[in-house]
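Engineer: First the structure, which I've put down as structure tokens, then a few questions once you've had a look.
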Amino acid sequence: MNLHAAYIDYALRRSQHMQAEMSGADNVLLKDYQLFVAKVFLGLDSMNSLLLFQETGVGKTVTAVYMLKHLRFLYTSWTVLVLVKKALVEEPWMNTILRFAPEVAKDCVFMNYDDQNFHNKFFTNIKTVSARSRIFVIIDECHNFISKSLSREDGRARNTKHVYNFLARHIASSHNKLLCLSATPIVNNVREFALLVNLLRPGVLPPQSLFHNKRLLDEAELVSKLGCICSYLVHHEASIFEDVEGSELFARKRVLLKYVRMSAKQEDIYHKARAAEFRSGIAVFRVHRRMAATFAFDEFPVRKNLTPDEYDALVASLVRDFEALFAGRALSDATRARLRAGEPIECAASAEDLSLYQALYEHSCKYAEVCVAILASPGKCLVFEPFINLSGIRIFVKYLEVFGISYIEFSSRTKDTRTRAVAEFNRVENTNGELIKTCVFSLSGNEGISFLSINDIFILDMTWNEASLKQIIGRAIRLHSHANNPPERRYVNVHFVVAQLGSGAPSVDDDLLEIIQNKAREFSQLYRVLKLASIEWIHQHCREFAPVDDEAGFRALCSRAIDVTRGASTRRALATGENIWYAFSTLMITVHPGFKTEDGRVYDADGNFLTTMPERPIVRVQGTRLVYIFPELR
């Protein structure tokens, strides 16, 4: 990697005239890490692509705009194509450009990759690009673009894949540039890593699997051939299920699993939802169970023999019945005051209020318990609920009203008002939630926005992957996001709210937690590759190089094919030792059977080597089990 380091050194020398201040209608002083990335990417003309793998809140947009402002350092004529979700065009992109680099606005063409007609608009715009102009492409939240480029289940290519193929073929040619931005570049499966790499470095990654028994075949080969593929700035490398200590820049994170038992009515509806999924053949998606584990109407709405309009009318009537049942009802001021003081509901509530609470709990153990926890929180709260209508946010806000909790909503229902509402929520005067206590948000709010001074986040329903959950949590733990809080309140408690069945059988929430953890094991290995191949890691750790005076060999260095044909060798042997239990997190979401040999080697149940037992292992007790914790295996 020393040769990569030599080219980074060359880029920094060539771009040393670039200053940290960026001025337009407003001024901003770039952080050292932002200026470093810009100097390297613009200092190497033949560095055609770069991934900004940087966590939320560190200024990826500002870094990208700074690059646009200094493009003429390389060449006089550029066309800038910004591929972005529609919700993020005005804020942060256009706002940042107009504040700090208004002169480049005329060169920028914004296209929304979440537009159904995106591919046609893209190729229409490409045809208008002058032959004399170079192209600078920015893909914001590139994991979304990549996921839209994956083939469908039936093997048919999506329209976005045509845009992907064009970029892979043409951007790496000549002297065009491609900048991809993401805090979570891999979201759903490892195929996304292959697509991302072959977009940034076309043709270097072979079609063979990179894994054997969920372990990377050759980390060193990947790191060597992918040198300088990205900028890596991730302060919180730990799993979302691990606690993270705070720093001067970031708040402390503590993770809590909040188990709540379904009422008899909710559990009955849950089992009906499960049966309906299996009858209709959609059990794999778990949609009905997820909704029932969150909220249950008086009856389960069955689609059978109903037209779509009839089914919608049935659900609407159930919603109206629920809203009518609790219309005008609210907990007393005295009960709310005791709940804010931290008293349990059984002690805090009068007989009338307790009856009201139990009626709410009967429909949703999650909603009722979370409202109690919000009142007890000393600061502001976020509540994530992906479902909006039916039994989702529309119902949850009724719970907030009964509990007397002030709130804003950030979802597709509030497109016209949500940006202003977040600004009010983030005001210094509302640091402790005096004006607005809670923000309820859907997946609309997991990218591109910041929430300040949050003390508690409640995850009411699991997503299918850790990356989405990281984005959600990252909305509240950002650079200087808790600067207005006193030191003792610079923390964020993340509550994963898990519905439990009375029988003790795993619920849909338990299933999703296990799926998330299994995916995360492979993702974390690929993230480590990106870290070790990043320009920051190479610049800091590879110092034994001879300076270069040009970049003639850089493109060839980055075009070498990756060889993963060596595969994984397997050797059979008889070992003596003992059976053990192990987990990847102290939360022990999933506990696995394993085997420890007499010399301390640890294997999984299939005999695959995992790790060597440390001298002072982390051990936890779960029921009658002694469980070893191996967080490094994630």
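Using N, Cα and C of the backbone, Cβ positions are placed for all residues, glycine too.
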Engineer: Among 140-143, 424-427, 516-519, 592-595, indicate the range for which Swiss-Prot gives the feature motif 'DEXH box'.
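Structural biologist: Of 140-143, 424-427, 516-519, 592-595, Swiss-Prot gives motif 'DEXH box' for 140-143.
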Engineer: Just to confirm my parser: what is the rounded mean pLDDT across the motif 'DEXH box' (140-143)?
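Structural biologist: Average per-residue pLDDT within the motif 'DEXH box' (140-143): 95.
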Engineer: When DSSP states are grouped into helix, strand and coil, how many residues of the region 'Binding to the cap-specific mRNA (nucleoside-2'-O-)-methyltransferase' (456-523) land in each?
Structural biologist: 28 helix, 14 strand, 26 coil
Engineer: Suppose the ATP site is Gln54, Glu55, Thr56, Gly57, Val58, Gly59, Lys60, Thr61. Which further residues of the same chain have a Cβ inside 8 angstroms of that site's Cβ centroid?
Structural biologist: Ala183, Leu233, Arg478, Leu479
Engineer: Run through the motif 'DEXH box' (140-143) and tell me, per DSSP, how many residues are helix, strand and coil.
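Structural biologist: Output for the motif 'DEXH box' (140-143) reads 2 helix, 0 strand, 2 coil.
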